Amino acid sequence: MAQSKPAYKVADIKLADFGRKEIILAENEMPGLMAMRSKYGPSQPLKGARIAGCLHMTIQTAVLIETLTALGAEVQWSSCNIFSTQDHAAAAIAQTGVPVYAWKGETDEEYEWCIEQTIVFKDGQPLNMILDDGGDLTNLVHAKYPQYLAGIRGLSEETTTGVHNLAKMLAKGDLKVPAINVNDSVTKSKFDNLYGIRESLPDGIKRATDVMLAGKVAVVAGYGDVGKGSAASLKAFGSRVIVTEIDPINALQAAMEGYEVTTLEEAAPKANIIVTTTGCKDIVTGKHFELLPNDAIVCNVGHFDCEIDVKWLNTNATKKDTIKPQVDRYTLKNGRHVILLAEGRLVNLGCATGHPSFVMSNSFTNQVLAQVELWTKFGTPQEYKLGLYVLPKTLDEEVAYLHLAQLGVKLTKLSDEQASYLGVPVAGPYKPDHYRY
């Protein structure tokens with residue numbers, strides 16, 4: 001593979017200059033990652049690491065990649081979604097010599113090919129670290145390249161869906177490398193998942209359709225962190241939001257925020273917009289499509305494309321019109337139309353540019369710290385054994401701290417007496433691990 005593969009494969013390398021300009025802008029909005037370069041760059045803690053990354057190849061990810069290389073790592077990259085690559089970002093990184101295999105609009109076969117190119121490096125040596133988003137790279141290495149598992153020091157996983165995958169693998173005895181669950185760092189799940197989607201969801205819907213959100217009935221399937229951000233965003237735009245949930249605790253939270261909570265079967269006949277956020281499959285199926293009013297918009301912000309039954313639409317619709325890339329209008333047998341965005345994949349990345357740089361700096365700083373933890377602790381008494389871990393609270397607080405100055409935040413300082421009264425160190429950590437923010 002190492003001898004025959006191309007040095008990179010992107011849509012158009014001539015987009016690199018445009019990509020570089022946007023990367024420079026993003027760096028100004030990503031103080032956590034820039035602080036990682038300043039703090040760790042001189043000591044090169046990732047020297048010797050060969051990181052295979054599978055995560056949306058965006059401008060923000062470009063800043064992450066260049067932070068990893070600044071810390072000494074060799075990196076190869078693919079995207080974790082066929083529509084999420086920003087081609088100018090991929091070109092800019094490829095131009096620096098980092099092997100990137102990603103372009104917007106990959107086929108499923110091309111998608112797997114791209115991931116496979118990141119397994120073995122140009123010198124013939126295989127990966128020894130994994131940075132994943134959703135679990136596709138992790139699953140591929142375990143299933144198809146088990147001979148490399150013994151040499152992998154660890155992996156870090158970005159998203160809820162990927163963490164669920166790791167937990168299942170661990171329970172079955174299938175996970176063979178230690179893993180850090182980046183998603184459940186407070187500075188990831190309570191920021192990226194909540195505040196990130198709050199801005200990127202309406203961006204995706206509006207770029208795709210130019211729809212007026214005010215006054216529309218919007219159904220949000222799922223009220224986890226992503227669902228909470230989605231519902232809050234749509235409500236802020238003036239939509240009348242209905243939530244569907246399986247969990248009584250989340251359902252009660254939604255009700256206490258003033259949302260109507262009911263089943264999708266009851267909500268569908270009046271739903272102008274449906275957003276799935278569950279991480280589960282078969283959320284919007286044929287029976288729901290047939291209940292929708294004319295020209296209802298259906299989209300997803302869960303990681304995979306199994307939440308919306310796109311296959312049913314392609315099989316049962318009498319006509320499919322592609323309005324523009326990632327915007328398809330289906331004519332149903334009942335004469336009504338359904339507008340599907342991003343083919344049921346992530347609408348905020350398929351139809352827009354994903355979360356803003358600042359909130360992604362939170363998430364990606366956690367990724368850098370996770371990679372440093374796994375790589376540098378290997379072979380020491382603090383080595384991460386086989387298992388699924390979260391980053392220590394001290395690092396979670398550090399990530400938050402690195403982003404305060406840019407927002408003009410001034411922290412109150414505990415006195416020694418106050419710290420003693422609370423039973424916490426003056427410099428933190430301030431909350432127990434079980435605290436729910």
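Note that Cβ sites are derived from N, Cα and C of the backbone, with glycine treated the same way.
Residues annotated as substrate binding site in Swiss-Prot, with similarity to another entry given as evidence: THR58, ASP133, GLU158, LYS188, ASP192. What Swiss-Prot lists as NAD(+) binding site is 159-161, ASN193, 224-229, GLU245, 301-303, ASN348, and the listing cites similarity to another entry.
Feature map: annotations from Swiss-Prot on the structure.
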residue : record                 : CB count, 10 Å
THR58   : substrate binding site : 25
GLU158  : substrate binding site : 28
THR161  : NAD(+) binding site    : 21
LYS188  : substrate binding site : 29
ASP192  : substrate binding site : 27
GLY224  : NAD(+) binding site    : 20
VAL226  : NAD(+) binding site    : 28
LYS228  : NAD(+) binding site    : 24
GLU245  : NAD(+) binding site    : 23
GLY302  : NAD(+) binding site    : 27
- Item | Closest of THR58, GLU158, LYS188 to VAL226 (NAD(+) binding site), Cα positions, binding-site residues only | LYS188
- Whole-Å Cα distance, GLU158 (substrate binding site) to GLU245 (NAD(+) binding site), is 24
- Whole-number Å distance separating the Cα atoms of THR161 (NAD(+) binding site) and LYS188 (substrate binding site) is 14
- Message: Same chain only, sequence gap of 6 or more: which residues have a CB within under 8 Å of the CB of THR159 (NAD(+) binding site)?
- Response: ASP133, GLY134, ASN183, HIS303
- Task: Select the closest residue to GLY302 (NAD(+) binding site) from the following binding-site residues, measuring between CA atoms: THR58, LYS188, ASP192.
- Result: ASP192
- Message: Sequence gap of 6 or more, Cβ distance under 8 Å: name the residues on the same chain that satisfy this around ASN348 (NAD(+) binding site), in order along the sequence.
- Response: ILE197, SER200, LEU201, ASP203, GLY204, VAL301, GLY354, HIS355
- In angstrom units, rounded to an integer, how far apart are the Cα atoms of LYS228 (NAD(+) binding site) and ASP192 (substrate binding site)? 12
- Query: Hey, what's the Cβ neighbour count for ASP133 (substrate binding site) at 10 Å?
  - Reply: 27
- Rounded to the nearest Å, what's the C-alpha distance separating GLY224 (NAD(+) binding site) and ASP192 (substrate binding site)? Just drop the number here, would you? 13
- Item | Cα-to-Cα gap, GLU245 (NAD(+) binding site) vs ASP192 (substrate binding site), nearest whole Å | 21
- THR159 (NAD(+) binding site) - helix vs strand vs coil (DSSP): coil
- Where ASP192 (substrate binding site) falls in three-state DSSP terms: helix
- Message: Of the residues named as substrate binders, THR58, ASP133, GLU158, LYS188, ASP192, how far apart in Å are the Cα atoms of the most distant pair?
- Response: 17
